[in-house]
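Working notes for the structure below.
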Amino acid sequence: MAYDKFTVLTSTAVPLPTDNVDTDQIIPARFLKATEREGFGDNLFRDWRYDVEGNPKKDFVLNDPTYSGKILVSGRNFGSGSSREHAVWALYDYGFRCVVSSFFADIFKNNCLNIGVLPVTVSPEFSDKLMETITANPAATITVDIPAQKITLDSTGESESFDINEYKKDNMQNGFDDIDYLLSMSDEIDAFAADK
Amino acid sequence: MEKTTLFDKIWDAHVVKSVPAGPDVFFIDKHFIHEVTSPVAFLNLEKRGIGVKNPSRTVATPDHNVPTVDQDKTIKDKLSRMQVERLRENCAKYGIELHDLGSAHHGIVHVIGPELGITQPGMTIVCGDSHTSTHGAFGAIAFGIGTSEVEMVLATQCIMQSKAKKMRITIDGVAGPGVTSKDLILYVIAQISAAGATGYFVEYAGSAIRSLSMEARMTVCNMSIEMGARGGLIAPDETTFEYLKGKDYAPKGEDWDKAVAHWKTLKTDDGAVFDKEYHFDAADIEPMITYGTNPGMGIKVKGNIPTTEGMEGSNKTSYLKSLAYMGFEPGEAIKGKKVDFVFVGSCTNGRIEDIRSVAEYVKGHKKADNITAWIVPGSREVEKMAHEEGLVKILEEAGFELRQPGCSACLAMNDDKIPSGKYAVSTSNRNFEGRQGPGARTMLASPLTVAAVAIAGEICDPREVFQN
């Protein structure tokens, strides 16, 4: 379904300096039993966030009131493993609109763009810089600017440009999704399918 | 003429339109759905007031959350039951073929597709499951998608997709005894890492790949995603045609001859260029096992867990976090580690050849007392064959518990969970934290190694177990 428009986002950020965060950690399989899209945020990072009795684990960043914001800055190879879009639904439902990493898994990245969460790939150096800064200074904000394709650490003004193709860029800014586009192509698809 | 790869040939033949500075509008021949990643897609179709464009191109089966006991009874877990019921309703409403629980061809979606001959060379195949890459074994472009994309396929038979880069992994030579296709792929993933093929679509080639059966090829392609690849494929050959001939959904008569003539054209041209190439020698590969919490963390069963030498920063922290979860120390041997559970099953190794290899190995032996051994066939058809061939009897005499088909303990959505802190050696595909149940510690290995571990009660080399 069409989603919120996304142009420029300025927010504090949550640091998660772990590599290879797979989608089983983002949302464990046992919480995939819903038949609707809402409510997954409660179980975001469930087994890192709560112990077996359901008590919050103090050392996990989402349980640390010092950190909050709409941007998650994570380690390398974020979103690997299962194709479950529920992982992005959980991030979105919790309140994240942007994930920053030096490396994303493919399917996860597509899933993000399909529901309007922006995956921003930065250099390993800039990723380290962001991680250090927001960890040390929880009030530090990051600005993600889609029209300019630029991510800026506001406290120092340091920035980097990021890739997003024109088609997806347009979709994100206007809140369009792929189905809107595909439905508009129905005749061309029918003509193509006639030989298949 | 331009030299192209197998991947190019199939991809290019399915592009309806290339969006300028954007992805391709990519046509999908076959779409598999299951109960977990499809309900929201159907719900959204309803919200948009649109239907399913071509129901005959979609095939459904419930597999992820289903119980593996009492499948003839009502599913006890309310949420699981609702998902399965929703799948039934949606299939009935839109006229989608459903292989339901208890029916002759029920099973894991990636097991029944090939088994029925639905999966064929040259096709584009998607499913809301990352192990859709399994179908690449037939020379198809097959990959996992998210639920938004499931909705796109239902609504339009297309998805928006950027073409991946191309990688070829060539394995030549002859693997030694006791080395299976699971060891080949665990070795490759350990070599190039769990993210090493991200952004790529992989073609597997070389004499060691050619000599594999279709089922063994499926195991290799299945785990392509575990090194980050979108998918993996193997050019079709006589082994492929032989497997498909006579299958329920395979072409028949003249159509068969025409299909085979086309399938024979599906190969990479000599001189075609890949963005990245790897070469391995099968003779270097030994039985493998994972020791950490991603599938790239694999070693020889007779090897030692790597030390942290040369690691720094988040790399080292993540590595130590992983070992702490597993309860292992850097540098120690994996052999001799006590194990609590073994699991034979999943879309990686839940086919009849896997069950045969376990049965052959354990015949006349008993599992160790400390081991709980689960064997979960990938489909009803596999289950039926296992009974007919006398394998079930052998396995039960060895102390294995045979359960009914489904994804089961591979992802523990149903009751088949490994308890917290316990060690499981599994033929499945992922050793992520909590994958087989909260706190469960998973080690991935071949069916042969799992069989040996079940008998020995600890990590062991399948080539050594019965020598004493």
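Positions of Cβ are set from backbone N, Cα and C atoms, glycine also.
Keep in mind that this is a model prediction, so the values were computed, not measured.
Look at TrEMBL and you will find B:Cys347, B:Cys407, B:Cys410 tagged as [4Fe-4S] cluster binding site.
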- Task: Among the binding-site residues listed here (B:Cys407, B:Cys410), identify the one with the smallest other-Cβ count within 10 Å.
- Result: B:Cys410
- Task: Starting from the [4Fe-4S] cluster site formed by B:Cys347, B:Cys407, B:Cys410, give every other residue of that chain whose CB sits within 8 Å of the mean position of their CB atoms, in sequence order.
- Result: B:Asp63, B:His64, B:Ile108, B:His110, B:His131, B:Gly345, B:Ser346, B:Thr348, B:Gly350, B:Gly378, B:Gly406, B:Ser408, B:Leu411, B:Ser428, B:Asn429
- Once the DSSP letters are reduced so that anything not helix or strand counts as coil, what is B:Cys407 ([4Fe-4S] cluster binding site)? coil
